[in-house]
């Protein structure tokens, strides 16, 4: 019943603390409520008016009963029906930009240190390549740990801890005297920190957007390419003046900015989110056809995807380019990567073609560009053209991958799915760079490294062909999950999405 201006304290009110834990249907507000017998006297909302309970104490007059409901009280009472699709979500995009810049952007630029490390430790190219391989594999393999910890303790503290650990690992690596110390510090510790920072950030970003998700993801992922464009010549300049130890110190200072970036990740409660203490790893996702194919494809992709960024700088210098010209080629590839990520996000949101088809097409272009890198050994212009093609296709694929994943598993499981995909990529990430370095040592050039890497990427394209399209019904989320929004509609404003309790 509806009573205007009358507050009947016998009626129950849904408390926010139990909205996400109890699964019973509430006839009053159409949301989940605690079972009978557990009602508490809390501030009530009648016809859009915030009414304090009797526990508020004496002296509460009629004017106090007509105050507008405070925003924080409303935020705690009911979850959102749909992702905000904007608002604070753009600050989360900024956090995603920082996460991409200071993880993959820094990792891609460490190729400028390869020759210095080979000389300092009197090691082979394959042995030094294990540094990148271990870092990448640890980052990917430990990503489910990061997503599980963010589900249990919240994304913000986990990402901030990851930023601190990654900076600490780079700092310790600057004082390494053996390759083993470099493997442990830069490889394991920095990789673990990046795992705690990257996957939870990107999973949270996907939860903040629906109709503009691909655009938001594309904006965040541009940090990867722009950081490669800026950091490659910057770290090369630092390496020329301060050697590899000073370069690692500079990278440590840069990576520490992940800590304030993590502070931007405001928690978001969506209707249909899974309970906090269950399904921390959600390994049941591998039983789904779509996610299983996606995870296998990303594992194959990772074996060749990072080969150019690990060896392109050294490959350019082997062709007779100067150190700065070779670093400039890597920078231009990063710039093409950044622009393509943004354009691919706009293209995916317009739905001109199913995102799965675009995913396969751009992944195939990545593989083809890798196969043609050995043919560029006679011309610097052809090397630059292939680097631009690789950067544009690799960047487009990354945006589409993060856009397709919520449609495969649903928004409610996308954080865990992101972590599991990163874990799958660890297999290829651990294999790719060391294998390419081994082939370089055995053959004397990088041709075999690029050919094998391109073969792995093209095998991934064949696996991605098995991905179900959204129209097939195989991408539907499980019961109780929030489906990924694919319609082009603007969700209601967060304040208007909450309905006042009518008594």
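Note that Cβ sites are derived from N, Cα and C of the backbone, with glycine treated the same way.
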Transmembrane segment range according to TrEMBL, out of 323-344, 477-498
323-344
TrEMBL tags one of 117-138, 381-402 as transmembrane segment - which one?
381-402
Okay, the transmembrane segment (182-208) and the transmembrane segment (290-311): do they have at least three CB pairs under 8 Å, pairs separated by 6 or more?
no
Take the transmembrane segment (247-269) and find every residue of the same chain, 6 or more past its ends, with a Cβ under 8 Å from one of its Cβ atoms.
19-20, 79-80, 83-84, 88, 91-92, 94-95, 98-99, 102-103, 106, 109-110, 112-113, 154-160, 162-164, 166-168, 170-171, 173-174, 186, 190, 193, 197, 200-201, 204, 207-208, 231, 235, 238-239
Can you tell me the mean pLDDT for the domain 'Major facilitator superfamily (MFS) profile' (89-472)?
84
Using a Cβ distance cut-off of under 8 Å, indicate which of 158-176, 182-208, 381-402, 414-434 has the most pairs with the transmembrane segment (215-235).
381-402
